[in-house]
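Since the structure comes first, as structure tokens, the remarks are kept for the end.
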Amino acid sequence: MDFDVGKVDLNCEKNNTAHKTNDISVNRLIVRRGQSFLVTFELHDLSRPTTDLLELMVETGPQPSEALGTRSVFGLPEGCGKGSSWKVKVHQGSVLLAGSITLDITSPADAPVGEYSLSVKTSATASVGSSLGKLLLLFNPWCKEDWVHLPEEEERQEYVMREQGLVYKGSDKYISSMAWNFGQFEDDIVDICLKLLDVNPKCLSDPAKDFSARCNPIYVSRVVSAMINANDDRGVLMGRWDGQYDGGMSPTHWNGSVEVLRRWLKNGSNPVKYGQCWVFAAVMCTVLRCLGIPCRVVSNFQSAHDTDKNLTIDDFFSDYGVRPKQSPDSVWNYHVWVEAWMRRPDLSAGSLYDGWQVVDPTPQEKSTDVYCCGPAPVKAILQGHVDLKYDVPFVFAEVNADRVTWMVFADGSKKNIFTDSVSVGQNISTKAVGSDKRVDITANYKHAEGTEKERAVYNQAVKRVNIPEENSNGIHDGKPGVSMKIVELTKPVSGKDIDLKLILNSNDSETRTLVINVNVQAMRYTGIPSSQIQTELKELKLLPNQDLTIPIHIPFSVYGEKMRESNSIKVSAVVTDNDKSEAVYITEKDLVPESPSLTIKAIGSELQYSEMTAEVVFENPLSEGLRNCFITVTGSGLLTEAMEVRMPLLKQGQRLRVKMPFTPYRPGPKKLVAGFNCDQFRDIKASCNVYIKPVTGVVPPLRR
């Protein structure tokens with residue numbers, strides 16, 4: 001018997017709430033794989049309360065096929081479409097006599113993610129089906145059969161559902177946090193994420209195969225890693241590290257991912273200018289969380305960039321401080337990547353490498369001819385299993401490479417001063433689950449420095465990447481004739497002078513004549529000097545068993561302007577012993593001046609759809625006026641777009657207090673993020689937490 005399909009109800013609000021996608025939309029069907037959803041439709045001319053045949057079909061992508069898993073035919077009675085991985089049954093609440101039927105449909109836990117069309121045929125003789133509509137299918141961390149299943153609900157709330165987070169920056173001795181709005185549930189972000197998948201080179205060259213491969217989070221995370229940077233595709237962000245940001249935004253400008261992703265779409269899938277590692281990582285976190293892959297942003301301090309794959313980093317000094325690299329190896333003050341949670345059956349029949357995987361979208365080195373990195377199992381990095389895919393040796397070096405310091409002399413010759421097996425990979429940090437505390441996860445990546453286990457793993461890694469024995473450097477034994485250290489006298493704060501002292505001590509019985517060169521350089525966070533701040537040369541006598549103290553004064557008037565596009569200040573002392581021509585000693589200290597105080601707080605009822613006020617306060621700390629000041633405020637779920645206030649001049653000692661009204665539109669934990677800019681200071685940040693209580697029975701105001 002033929003039935004005509006009438007009105008269709010995709011039960012979007014009910015389904016999306018059950019699938020935890022209602023924050024994205026309640027007006028379109030967005031569900032997670034491996035979990036059932038309900039579809040209701042009318043059957044006209046129904047003459048009896050049971051159905052002879054209902055054949056359903058779902059399709060995704062171009063040239064969908066059952067062999068590729070991008071097409072499935074299934075139906076009633078149960079078992080129709082034998083071999084189909086999609087399932088359907090009549091829902092208990094279905095009212096057949098009233099002329100409507102509700103079906104309970106379940107996708108497989110390994111179905112490709114993306115947009116599907118859903119249709120139904122109501123008889124075996126019908127040539128085409130009637131459309132029931134479209135649905136979006138996402139990964140499902142709540143489903144045990146899904147490779148991205150995350151067992152703990154508290155972690156699912158943090159790593160999939162939370163729209164705000166913290167990114168850690170600075171250096172290992174000066175760790176600061178920066179609030180970031182991931183905004184994965186903003187209206188249009190899921191469509192931008194799917195667009196990003198659709199324009200990736202693999203999809204453009206073989207779309208049918210690419211859509212099929214979207215069943216695999218390993219594949220999807222690797223594609224997203226490549227597509228966040230624009231180095232060899234139509235990716236989201238163009239990276240730049242030279243301080244020249246004409247034609248775009250300084251990477252420090254961004255407070256969240258939503259503006260970046262929307263600009264990319266508006267630009268016709270042309271890259272947004274500009275990004276650096278924390279921007280790449282945070283935008284990738286947005287995309288993965290939106291697609292349903294649990295993930296978190298991770299910062300590694302003293303992060304090595306090993307270009308020649310020998311697990312060793314070479315640093316070069318001259319008498320004027322850090323010199324341009326003779327090799328492209330470097331150690332960054334910090335580097336930010338993403339950890340994504342998934343199983344790795346491609347590496348082990350058991351669960352040996354399941355769990356957190358490093359995926360890094362910052363374009364550093366190519367992986368199989370593409371600028372991407374990972375997923376590299378954190379468990380493999382801990383064990384030194386560097387012969388596994390993907391990019392495990394590169395990530396291992398980032399957290400555990402040895403560092404060799406060379407002195408380069410005027411004639412071009414060089415001398416190995418010392419080898420350091422400890423400093424790379426410090427304070428590896430991520431935001432805590434359910435709070436704004438910093439969690440140190442270094443022990444996930446390597447055994448404690450100085451232990452036999454750590455050295456054993458390092459030596460095993462060296463063997464696995466087939467490094468010749470002579471290329472792996474040991475630690476130089478023996479005490480240096482002169483010991484040195486640089487000590488802070490004042491906490492470094494941007495806008496104020498910095499005072500330190502260099503302390504030298506000799507364990508020699510004779511008086512030493514030392515040539516002491518103290519250098520102060522502005523450094524990019526990638527370990528590259530951007531400009532010389534000051535230098536001081538002295539020749540002094542160092543008496544036996546006595547300290548020699550040299551004051552180091554760095555005025556803000558000298559360093560301030562040179563720090564606008566730099567992350568830190570490197571103070572280094574290079575000491576040559578006139579009495580021992582080959583004796584050279586080096587010590588260094590990285591300083592990250594703290595930004596002047598900026599505060600933001602939310603005033604009001606903290607109730608969904610009720611007007612609130614953001615209050616931002618900044619006081620000029622300088623003895624001169626601040627020019628061209630402006631404050632921006634953003635917050636996913638709180639503001640539909642950024643708010644901005646400008647002020648041409650903020651006089652010496654003047655306090656700026658700005659109040660901006662906003663109406664929160666999504667309940668739950670949120671963050672307001674403020675940024676302050678002027679000619680003298682760049683991108684000072686502040687944030688505050690807001691918990692928005694939900695209301696029911698209220699018609700929401702229109703959003704963009």
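One-based numbering along the chain as shown.
Each residue, glycine too, has its Cβ placed from N, Cα and C.
Per TrEMBL, active site is recorded for Cys277, His335, Asp360. Under the heading Ca(2+) binding site, TrEMBL lists Asn400, Asp402, Glu449, Glu454. Taken from TrEMBL, the feature domain 'Transglutaminase-like' covers 269-363.
Distances between the Cα of Glu449 (Ca(2+) binding site) and those of the active-site residues Cys277, His335, Asp360 are shortest for His335.
Its own atom aside, the Cβ of Asp402 (Ca(2+) binding site) has 22 Cβ atoms within 10 angstroms in the protein chains shown. Counting only residues at least six positions away in the same chain, the Cβ atoms of Cys277, Ser299, Asn300, Ser303, His305, Thr362, Glu398 sit under 8 Å from the Cβ of His335 (active site). Around the Cβ of Asn400 (Ca(2+) binding site), 24 further Cβ atoms fall within 10 Å across all displayed protein chains. In this view, Glu449 (Ca(2+) binding site) is surrounded by 15 other Cβ atoms within 10 Å of its Cβ, with every protein chain counted.
Averaged over the domain 'Transglutaminase-like' (269-363), the predicted model has a pLDDT of 90.
For the domain 'Transglutaminase-like' (269-363), the DSSP counts in helix, strand and coil order read 15 helix, 42 strand, 38 coil.
Geometry remark: Glu454 (Ca(2+) binding site) versus Asp360 (active site), CA distance 24 Å. Between the alpha carbons (Cα) of Asp360 (active site) and Asn400 (Ca(2+) binding site) lies a span of roughly 17 Å. Cys277 (active site) has a Cβ environment of 27 other Cβ atoms inside 10 Å.
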